[in-house]
Amino acid sequence: MGLYATIFWVAIGTWLASSAYCLVRNYRLARKSGLTVLASPFNHRNGLFMIFVTPLAPFLKRWLPRYLYEGMQFTVHGWEFADNTEFHERLGWSVMRASPGGVTLWTGELDLAVELMARTKDFGQGDLTGVFMGFFGENLVTSNGEAWVRHRRIVAPTLNERISNLVWTEALDQSRQMVEYALDQPGGITDNVIDGVCSIAFNVLGFMGYGLKKPWTVVPGQDSGMAYFDAVQTVTKGLVPAAIVPHWIMRLPFMPAASKKLGRAVKNVPPFTADMLERERVLLKGKTDSRGNLMSMLVQLSDQEKQLDGKQGEVRQYLSESEITGNLFMFTVGGYDTTSSVLSFAITVLACYPEWQDWIIEEIDQVLSGDGEEFDYASTFPRLTRCLAIMYETVRIYPPFAHISRQNPAAVTLTSGPRPVYIPAKTEIFINSYAIQTDPRNWGPDARVYRPARFFSSGRPPIGEKLIHPPKGTFMAWAAGPRVCPGQKMSQVEFVGVIATLFRKCRLEPVREPGETMKQARSRFEELLRDAQPVVTLTIKDPKKVVLKWTRR
Ligand code: HEM
């Protein structure tokens, strides 16, 4: 054997031996939990594995022996949505996976989930969240411990009632433009409603986040006129490669045009942000109040803290420039993708179920009565509770995030379940919120049926009736505990504003294919919903198949 061949085989042998050693060590650690443990030779933290496992999953499922696929299934992005609760029912509601890369826990158990969410000091965000959400700078989502307290204190107050007001006004304006466009199409038929709601979410975010007012367009984010916003939008769409592949590799001359565009965007976000913040500070100079948008408030709150630096103790209280950059990026990813996902699913679901359209139209006609187009946020939004129940039921069954992840720096024992569960240090924990939200034990025998009225105490609530609070932990689309989503209210205001505007003006139904009955067309839409795929958030795979007929009311 030649020298190079020897080096090659020694390297392979060393790698195999160290992988086997790590697998055995991690398996032993996982066994201490007392839970079912699946051992898998596939290291889920390997970059190539991360990129290819999800697209290759359907083939691997067919080719690999069952026990090998089962040990890998957890690592396929969105497996929990496709699987429903079948896996947990078969193998246990909490299952450990041991691989050469570490130990992973998946749980669909209510008690454990509540405990995990409450103990923020013991269970923080995992290091992989930092890889995917923190590559422009540490932010509220990626930070833990004292840094998280600092981020939360500055960032969460920016998502306030002033922002809700802006979001409401812009959501109404954008959705009015979309309805007029749809009703103007021949026969009121469109195949671009999903792009349309993305465009609404994009423009609402641009307006409330950066003070950027744009008309609604069929294609979302078509040249916003703001280089920063366009770059962030590109990175949001290519989040996984953007996080893993260095931007200079993506920009190499032989790379495809889309990769070069992504690489340029990743490179440009930090200098564009620096530029934008500098201009914002010039505009804010000498003013005591911010300009009302999110970026302006973030800069102002952080700069105020900076002036107090040193007077509040040793620990830094303000956000550094890279942390502001990180938080602005996180707002764009968090604020745009989530709301557009829920709107896409809600509209498709409502087209399937005309009875729920009637239910909200009854409310909308009472609350938004009169000929005018202006509806005050403070007095209108709180009365549109059926529209809000549509959002709750949509995120219960089609949550933008099907799980919530955590990681524990040190070993911990969970005590809230029927037996103590030992969690080894650095376990990657996934709370299967989708399973919890569709589990008949938590939601009754019709848990998988779309029934928004379940969020009221009576089946036919009077208009403006308050929604009930589901039992603790059973509904965590916006998470729970100290790290609950600070954008919850904002997303609700936007959703309700859009849905109320659409159904005030029109009704929707699926467009039938030749020879199809309406019942069959609705079943076809239900199939599109079941076939959804998590990308960054849950996404309808082929949005062009959502062909709708809009009828003016
Ligand atoms: C339907 C819309 C939304 C849903 C379903 C949603 C869901 C969630 C969930 C599940 C978490 C917890 C993540 C975790 O702890 O791992 C979260 C956190 C967060 N969300 Fe949202 N979100 C939505 C909209 C928004 C919006 C509009 C914004 C801001 C513009 C936002 C900003 C955040 C932030 C900053 C966090 C981190 C909080 C922390 O760690 O302290 N979200 N969201």
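Placed from the backbone N, Cα and C atoms, the Cβ positions cover glycine too.
Among the features that TrEMBL reports, transmembrane segment is placed at 6-24.
Cys485 (heme binding site) falls outside any helix or strand according to DSSP and counts as coil. Under the heading heme binding site, TrEMBL lists Cys485.
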Nonlocal residues around Cys485 (heme binding site), in sequence order (Cβ under 8 Å, 6 or more apart): Gly334, Trp478, Ala479, Ser491
Beyond the flanks of the transmembrane segment (6-24) by at least 6 residues, Cβ under 8 Å: 39, 41, 43, 98-101
